[in-house]
Amino acid sequence: MTTNTVSRKVAWLRVVTLAVAAFIFNTTEFVPVGLLSDIAQSFHMQTAQVGIMLTIYAWVVALMSLPFMLMTSQVERRKLLICLFVVFIASHVLSFLSWSFTVLVISRIGVAFAHAIFWSITASLAIRMAPAGKRAQALSLIATGTALAMVLGLPLGRIVGQYFGWRMTFFAIGIGALITLLCLIKLLPLLPSEHSGSLKSLPLLFRRPALMSIYLLTVVVVTAHYTAYSYIEPFVQNIAGFSANFATALLLLLGGAGIIGSVIFGKLGNQYASTLVSTAIALLLVCLALLLPAANSEIHLGVLSIFWGIAMMIIGLGMQVKVLALAPDATDVAMALFSGIFNIGIGAGALVGNQVSLHWSMSMIGYVGAVPAFAALIWSIIIFRRWPVTLEEQTQ
């Protein structure tokens, strides 16, 4: 049974299942941002020291995305999803049992291995299973799962960590992953690998200047975002001087705004992806530059977080659309590279935020993040004028 012979309802149900999986994976990626203080207290460490866990996770994903994708390029996709979920669940059990920070980091590396494969195939699978003419909407739905991880997963994980301990947060994610795995087994058809590419695809992709320019833009803008975002929880409490509950509410606002960004992109992304992305980068730049000035008011921080969340969702979606449009003949290789490069940016941003917090002042993370954001804005304007491309231009 192929995705072309099923009803639109079933096709959408499969995309929704992938969106739920995206929610699970992004919850576990984002949730340490809201648990840094609790984990640091548990292991008698500084918050900034624990933050290095974010960089390790992201750079493992970056390093392994392409090798794992190539190793599994001929594996049937349903089977591959099941296997990576098993690794994902087992790693969360180890996170729950972690008796030292080192063991916790090892467990997170296991999660990162599963993450590396998942995000290299998910976008292309969503497009493949979507009803005809609904590819942008399918991507938007996957992104909504990502946004919900921030609006629900991250704050809920933080609340669970506050009241039951951070270990229970990881245990709960593991249980959620198990339920999602059972749904995947029931709902997904056999999905033979296609358009996955191989090592032979790499020279071809590297000879596409538009694609390489998108990759460069991705790493710079993601570095800018995560320089500040990685430490937003301790920033709100230690620099702004607001309560832990407000920090949770702020994360809720930022994530919820991502859903707004997803809706905007779903409606306008096909025709105006380039304009949307450049505008969103400009908005990110403003938010980062105003982070410290806004720290004197809960209302100011709340409004800022809404625009910040909208900007990052549009940026993330726009980058995916352009990568898929520029590499329709090797989508999995291109997306594995994208996932790796995105995580290089996450790790770099978390590391920059770590170093700024340890050796300068955590109050400066917004200003420091604004520097690469400005560079990203200029670069986006240059490349989108030279290589305009929309999802409609994909090879069918």
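Using the three backbone atoms N, Cα and C, a Cβ is placed for every residue, glycine included.
Some features that Swiss-Prot has for this protein:
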TRANSMEM  15-35  transmembrane segment
TRANSMEM  50-70  transmembrane segment
TRANSMEM  81-101  transmembrane segment
TRANSMEM  103-123  transmembrane segment
TRANSMEM  136-156  transmembrane segment
TRANSMEM  170-190  transmembrane segment
TRANSMEM  209-229  transmembrane segment
TRANSMEM  246-266  transmembrane segment
TRANSMEM  275-295  transmembrane segment
TRANSMEM  299-319  transmembrane segment
TRANSMEM  333-353  transmembrane segment
TRANSMEM  364-384  transmembrane segment
Remark   = Ranked by Cβ pairs within a distance under 8 Å of the transmembrane segment (136-156), the first of 15-35, 103-123, 170-190, 299-319, 364-384 is 15-35
Ask   = Can you say which of 15-35, 81-101, 170-190, 246-266, 364-384 has the most Cβ pairs under 8 Å with the transmembrane segment (275-295)?
value = 364-384
Query = the transmembrane segment (15-35): which same-chain residues, six or more beyond its ends, come within Cβ distance under 8 Å?
reply = 53-54, 57, 81, 85, 88, 92, 108, 111, 114-115, 118-119, 122, 125-126, 129-130, 138, 141-146, 148-150, 152-155, 157-158, 161, 166, 169-170, 173, 176-177, 180, 183-184, 187-188, 229-230, 232-233, 247-248, 251
Query = How about the transmembrane segment (246-266) and the transmembrane segment (299-319): do they have 3 or more C-beta pairs under 8 A, pairs 6 or more apart in sequence?
reply = yes
